Amino acid sequence: MTLEMSPEQIQESKIYREWGLTDEEYLKIKDEILGGRLPNFTETGMYAVMWSEHCCYKNSKPVLKKFPTTGPQVLMGPGEGAGVVDIGDDLAVVFKAESHNHPSYVEPYEGAATGSGGIIRDIFSMGARPIAILDSLRFGPIDNGKTRHIVDQVTAGIAGYGNCIGIPTVGGEVAFDESYAGNPLVNVMCVGLIEHKHIQKGQAKGVGNSIFYVGAKTGRDGIHGASFASKEFGSGSETQRSAVQVGDPFMEKLLLEACIEVIQNHGDILVGIQDMGAAGLVSSTSEMASKAGSGLRLNLDNVPQRETEMIPYEMMLSESQERMVLCVKKGHEQEIIDLFKKYDLDAVNIGEVTDDGFYTLYHKGQMVAHVPVDSLAEDAPTYYREAKVPERIQKFTDSEKYLPEITDSAVSEIFKKLLAQPTIASKKSIYETYDSRVMTNTVVAPGSDAAVLRVRGTNKALAMTTDCNARYLYLDPEKGGAIAVAEAARNIVASGGKPLAITDCLNFGNPEKPEQFWELTTAADGISRSCLALDTPVISGNVSLYNETNGSAILPTPMIGMVGLIEDVKNITTQEFKKAGDLIVLVGQIFDDFSGSELQKMLTGEISGKIDFDLETEKVNQDFVLKAITDGLINSAHDLSEGGLAIALAESAFANGLGIDVEVDLSNAQLFSETQGRFVLSISPENQAAFEKLLTESSASSEVIGKVTDNGILKINELSISTDEAVSIYEGALPCLMK
């Protein structure tokens with residue numbers, strides 16, 4: 001039980017500092033907001049979580065304003081539980097990504113599981129039925145025992161929650177780097193489908209309307225979780241287990257179905273709905289009121305509790321999972337109670353909407369908080385941080401390009417070593433723990449460029465992916481940010497989809513350090529540039545800052561989640577070569593792009609140098625490939641990324657056990673170059689003429705570089721290895737390293 005302090009004791013002890021408030025912020029609350037009154041224990045705690053970076057984006061709000069967020073396809077952008085994009089037929093796709101980084105280091109299983117649960121609630125709070133989960137994971141070196149434990153438990157947590165609730169985990173990415181050793185990244189994306197008429201907002205309006213608490217009971221888990229996520233890791237952070245929530249996917253399944261039933265069958269009495277996520281009850285209710293320009297009066301005696309003698313501070317800040325807030329029209333309370341009772345869930349009237357603009361709490365007949373509602377939400381502070389270019393950036397800019405030399409005798413061994421690199425090697429051992437087929441909508445499961453799910457009742461499908469190569473951002477945040485969006489779009493296009501929009505998780509270091517704030521704001525410039533060029537507005541997202549351990553920051557890692565629309569399921573394309581005799585086509589030119597590459601990291605142990613990125617060529621090549629797919633000319637398509645052409649060719653050959661015979665005018669090293677904007681395609685010989693005719697109508701570059709064979713040999717210039725041996729290395733590397 002938390003011991004409550006008096007307002008005077010709070011001021012004297014400055015305990016608010018431990019909760020994340022600065023002296024200046026505390027004085028602002030006391031003098032400017034409360035007119036000289038000392039905030040009490042509950043009020044101070046509420047401001048501490050609501051003014052955390054995790055809740056109010058006080059350091060990143062100016063950066064987020066750079067993003068393009070509108071477009072004809074966007075029905076709802078940032079500001080609600082998730083973004084909503086039109087896909088025609090009065091249907092929309094709803095999606096968002098969230099981070100659960102700090103909790104997943106302290107308690108990897110529960111941290112990852114509750115990260116999944118939280119983002120699922122964001123989706124069904126919009127009225128959508130969740131249809132897919134994707135993840136983006138970053139870990140330290142896998143030869144470290146602690147890292148292996150975190151990998152094992154994080155993936156088990158995601159699998160456990162998704163498998164139990166019955167939502168398929170269909171895609172994602174995993175990468176390893178020293179910078180994540182003390183600060184893994186666990187980003188989870190959820191995608192849902194909705195009819196336009198059921199789209200909801202998180203708002204509490206209409207004087208006298210009732211505020212309902214629904215779902216699981218409140219405990220003491222997760223108190224100050226939002227503040228915990230807004231600080232650097234230090235030597236004692238691993239012991240902060242009370243800040244980590246505990247999830248129950250079976251409870252969430254009931255909550256999901258109950259909320260969907262309310263929205264679809266009782267939408268006329270539902271004013272607003274929101275998930276109780278970070279900062280729990282105070283965040284959800286104050287945000288709903290602030291967005292509507294209302295006030296709220298809540299009676300905490302009615303809050304369902306699973307622990308005894310909880311004080312208002314604990315009830316308001318608890319981040320117990322599987323809880324929602326509903327605003328219901330006055331006079332219809334019993335309908336809500338009866339509906340949730342059918343699912344054996346609590347549905348309790350805890351307050352009402354007012355018109356005084358205040359957030360007022362009562363407990364045991366006493367007023368325990370009375371503050372302006374906007375001061376908790378819309379009027380939280382915003383900081384304009386100093387940005388300074390890190391010294392390393394100038395060094396990289398002035399340096400020569402990294403140009404490795406690989407002899408004919410060494411190229412096959414280099415290729416084998418690259419196949420076994422943890423970031424490149426097959427993640428099959430991870431994604432096979434996920435149920436990717438439940439709900440029976442999955443057409444393309446994990447392992448291809450993007451996951452693809454059919455849209456039932458239509459001839460359409462959705463392609464979805466997560467992407468980011470943080471090494472590029474370390475060398476050049478602007479170009480790296482632009483590349484992250486472009487690679488996500490390449491994955492969608494290679495699957496036959498037209499990119500629609502993105503969500504993001506901006507994982508960066510301490511924004512109070514000018515060099516790290518520069519990384520954030522510069523990466524946002526690059527993301528915006530690609531979003532504008534590729535017509536993929538930012539419709540939702542999340543910011544996770546202070547990803548540092550003992551002063552050492554992670555690589556800047558803005559994860560991009562993207563969804564694309566496949567208008568006709570016949571255009572769904574996968575990366576594997578289909579049959580011997582098909583021609584292998586390279587779209588895009590290959591240059592000496594080794595800075596930040598997997599090859600550079602493997603051969604030198606570091607990354608350095610300057611990177612190039614031609615966004616105009618990227619767009620041209622993507623448009624050409626998508627047109628070739630929709631014209632029915634392509635049998636397979638795969639984007640080139642880590643490991644370059646050689647790795648992409650191998651991955652395309654693996655699934656069906658085929659061979660390749662490729663002769664291409666490249667040096668041995670260039671087989672592993674990571675020039676952007678490239679695809680490997682396979683086409684039937686009878687489609688070659690039509691393909692080349694289409695090429696003449698585009699400014700894209702393309703050449704036939706070989707053919708698919710059935711001899712089981714991967715031959716690329718002087719590189720030669722059996723497909724079976726390559727598959728064995730590729731699929732066996734990660735399980736071997738995890739032992």
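Just so it is clear, glycine is given a Cβ too, placed from its N, Cα and C backbone atoms.
Among the candidates Gly20, Gly140, Gly541, Gly551, the residue that Swiss-Prot annotates alongside Tyr57, Lys96, Asp504 as binding ATP is Gly541. Record check: Swiss-Prot places Ser99, His100, Asn101, His102, Arg121, Glu319, Ser320, Gln321, Ser544 at the substrate site, and the matching candidate among Gln245, Gln264, Gln394, Gln600 is Gln245. Nearest to Asp504 (ATP binding site) in space, judged by Cα atoms and limited to the binding-site residues Ser99, Asn101, Asp122, is Ser99. Only Arg121, of the recorded positions Lys96, Ser99, His100, Arg121, have a C-alpha within 10 angstroms of the C-alpha of Asp275 (Mg(2+) 2 binding site). Taking every protein chain shown into account, Asp122, Asp504 are the binding-site residues, and of these the Cβ with the most other Cβ atoms within 10 Å belongs to Asp504. The number of other Cβ atoms within 10 Å of the Cβ belonging to Asn542 (Mg(2+) 1 binding site), over all protein chains shown, comes to 25. A straight line from the CA of His54 (active site) to the CA of Arg121 (substrate binding site) spans 17 Å. Nearest by CA distance to Glu98 (Mg(2+) 1 binding site), out of the binding-site residues Tyr57, Arg121, Glu319, Gly541, is Gly541.
Looking at Gly541 (ATP binding site) and Gln321 (substrate binding site), their Cα atoms lie 20 Å from each other.
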